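A short worksheet on the structure shown next.
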Amino acid sequence: MRILGIETSCDETGIAVYDDEKGLLSHELYSQVKLHADYGGVVPELASRDHVRKIIPLIEKAMEDANTQPSDIDGVAFTQGPGLVGALLVGSSVGRSLAYAWNVPAVGVHHMEGHLLAPMLEDDAPAFPFIALLVSGGHSMLVKVEGIGQYEVLGESIDDAAGEAFDKTAKLLGLDYPGGPLLAKLAEKGEAGHYKFPRPMTDRPGLDFSFSGLKTFAANTIRDADLTGDNAEQIKANIAYAFQEAVVDTLIIKCKRALKQTGMKRLVIAGGVSANTMLRSEMKALMQALKGEVFYPSLAYCTDNGAMIAYAGMQRLKAGETLALSSQAKPRWPLDTLSAI
C-alpha cells in the first residue's frame, strides 16, 4: 500500500509518500517562518494563502522524488484537525479532491496522533503500550497509549503549552520568531545557579501542566534584570538557561509520575519541543535510572510534517477506515475521541 500524506495544520506545508513495504519514499516540507517573522507569530490568513501557493508544487515534487504516478497511490491521508481552520481546509480540500480524481480512499488524520506515531518511522520503533509526552507550540499532554486509537489522556496543559511558553519567553528576551529554538541555543551559553524559576504544578498531585505562570515569572525576571551593561547578553543567557531548566524539570517530574502511575517502562517524546537537546538528555537519564526506554522521532519529524500523517493514515486505511468526501475540517478535536483500530 502506498499513501500520499498531506500536513497543513499551521504554518508548515508537509507532503510525503509512504509505502508499507519500502518505507518513506519522499518527504517535502516548506516552512512559513520567514512569512510570519515580522508579525511575531502565525497569521492564520497568511498561512492559508501560502499553503494554497505551495501545496501543489510540493505534491508534484514528492511524487516525482518517490518515482510514483497517481495510479500507484492507494490512498490519500491529510490532517483533518486540530489546527487553524483555514490552513486545515487547504489540505483537506486538496486531499479529498485528489482522492476523488484518483479514485482512491481518503482518510483524515488527527494531527497529534501523527506526532504520537512519528517514532514509528524509525528503525527502533517503540512497541505498545507506552506513555507519550506530546509537547509542541499548541499542545502539552501525557497520553497512555495501548495501541493505535487506544488513548487515555492522563494530563494536559490548562493554559499555555510548553512550546508556546518557549516562544513567548524568547520574544521577551528580544529573540526572533520562532523563538523556542533560539532560546534553547542561547541557554547553551547560560550558567546554572543565577536564577531559580518555579516548577509549576509539581507541588500537588496530578499530571496536568501550566506554563502561563512560568512565562509571567520570566517576564518579571527580565524586567527586573539589568540589561544595559556589558554583560547583558550573559544575563539573558542565564535567564534562558533557568527558564529552559524549569520547563524540562517540570516535564521530567510529570513523566516520572505518569510512568509510576501506570507501571510502564516505555516513554515516547514527540512534537516540536521534543527536538530540545536538554529535554532529550534529561529524559534519557530518567529512563536509564528507571531501567526503561525512551523513544523520539528524528529531528526532521519532530516538527509538523507529511511523513507522520502518511504513516498514521496508512494504519487507519489498512484497518478499513475511510472518510466521506463531504467531511469537514476539525479545528478542535480531542485525541481521546479517536476510534481504536
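Note that Cβ sites are derived from N, Cα and C of the backbone, with glycine treated the same way.
Quantities reported herein were computed from a predicted structural model and do not represent experimental measurements.
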*Site co-member for substrate according to Swiss-Prot, given Leu134, Val135, Ser136, Gly137, Gly138, Asp167, Asn276, out of Gly149, Gly155, Gly180, Gly263*: Gly180
*Return the residue out of Asp249, Asp304 that Swiss-Prot annotates for the same Fe cation site as His111, His115.*
Asp304
*What is the nearest of the binding-site residues His111, His115, Asp304 to Gly180 (substrate binding site), using the Cα of each?*
Asp304
*asked:* Rounded to a whole angstrom, what is the C-alpha distance between Asp167 (substrate binding site) and His115 (Fe cation binding site)?
replied: 20
*Quick one: give me the count of other CB atoms within 10 A of the CB of Asp167 (substrate binding site).*
24
